[in-house]
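Reviewing the structure listed below.
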Amino acid sequence: MTILFLTMVISYFSCMKAAPMKEANVRGQGSLAYPGMRTHGTLESVNGPKVGSRGLTSSLADTVEHVIEELLDEDQKVRPSEENNKDADMYTSRVMLSSQVPLEPPLLFLLEEYKNYLDAANMSMRVRRHSDPARRGELSVCDSISEWVTAADKKTAVDMSGGTVTVLEKVPVSKGQLKQYFYETKCNPMGYTKEGCRGIDKRHWDSQCRTTQSYVRALTMDSKKRIGWRFIRIDTSCVCTLTIKRGR
């Protein structure tokens with residue numbers, strides 16, 4: 001976003017060299033403007049009245065200020081719609097179409113880690129040490145593992161109507177085919193919590209780490225051989241379930 005904004009501003013200033021800017025709030029039909037940006041002045045012709053260097057500098061400064069204000073206003077208008085689609089973005093972030101196995105987690109997970117890094121960078125060294133989960137002795141209640149899997153590993157899945165559908169391994173595109181990859185998170189069968197959740201009082205509770213699922217969109221084929229994009233369930237987390245012990 002920052003690079004795009006700087007590019008637009010530089011291009012905008014290069015156009016200013018062709019003719020001086022007249023400070024006015026009147027827009028003519030022949031005024032130049034970039035898409036999504038409203039101009040606050042009109043460009044006079046080359047043969048028009050001249051403007052001093054000080055006036056031109058002031059005009060350019062005012063223009064930059066107006067552009068920044070408008071971009072911030074547009075950003076505030078877009079954010080509410082982004083918040084409404086947050087759930088859908090999280091669902092679809094675990095699916096990727098690629099010609100090879102992805103080497104990193106989904107972008108949403110990387111952005112979350114980057115945000116945590118920025119938050120930690122703004123802390124003092126002392127606060128940062130105390131906020132480190134490892135230093136505070138924090139451990140996950142259940143051990144989990146995350147990995148990319150293909151349709152060849154899944155083969156079938158359950159859609160939102162409860163029916164079993166076949167997950168297609170490859171998706172046709174204009175230049176060939178791409179494989180569907182799913183980023184799944186499940187309980188680690190080799191972890192230390194395979195016999196119960198960590199930190200639970202076993203005298204009063206029976207605990208178990210269980211893998212839970214969420215819906216993601218994938219290319220599938222139903223029992224009637226109809227191919228289409230459907231929401232299917234995949235493993236997305238490992239949670240702790242508790243049951244109270246009876247007879248005590």
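Note: Cβ is positioned from N, Cα and C throughout, glycine not excepted.
Source: prediction; values computed, not measured.
Cβ neighbours within 10 Å of Cys142 (disulfide bond), excluding its own Cβ and spanning all shown chains: 24. When secondary structure is read from DSSP and collapsed to three states, Cys142 (disulfide bond) falls in the coil class. As annotated by Swiss-Prot, disulfide bond applies to Cys142-Cys209 (among others), with the evidence given as similarity to another entry.
Summarising the annotation, Swiss-Prot assigns disulfide bond to Cys187-Cys238 (among others) and lists similarity to another entry as the type of evidence. According to DSSP, Cys238 (disulfide bond) sits within a strand segment. Long-range Cβ proximity for Cys238 (disulfide bond), meaning a same-chain Cβ under 8 A and a gap of 6 or more residues, is found for Cys142, Asp143, Ser144, Thr185, Lys186, Cys187, Asn188, Cys209, Arg210, Thr211, Thr212.
The disulfide bond annotation in Swiss-Prot covers Cys197-Cys240 (among others) and rests on similarity to another entry. Long-range Cβ neighbours of Cys240 (disulfide bond) (same chain, at least 6 residues apart, Cβ-Cβ under 8 Å): Val141, Cys142, Cys197, Ile200, Ser207, Gln208, Cys209, Arg210.
Here Swiss-Prot flags Asn122 as N-linked glycosylation site, drawing on sequence analysis.
What Swiss-Prot lists as signal peptide is 1-18, and the listing cites sequence analysis.
According to its DSSP assignment, Cys187 (disulfide bond) is in a strand.
For the disulfide-bonded residues Cys187, Cys209, the ranking by surrounding Cβ atoms (within 10 Å, all protein chains) places Cys209 first. Secondary structure at Cys197 (disulfide bond), taken from DSSP and collapsed to helix, strand or coil, is coil.
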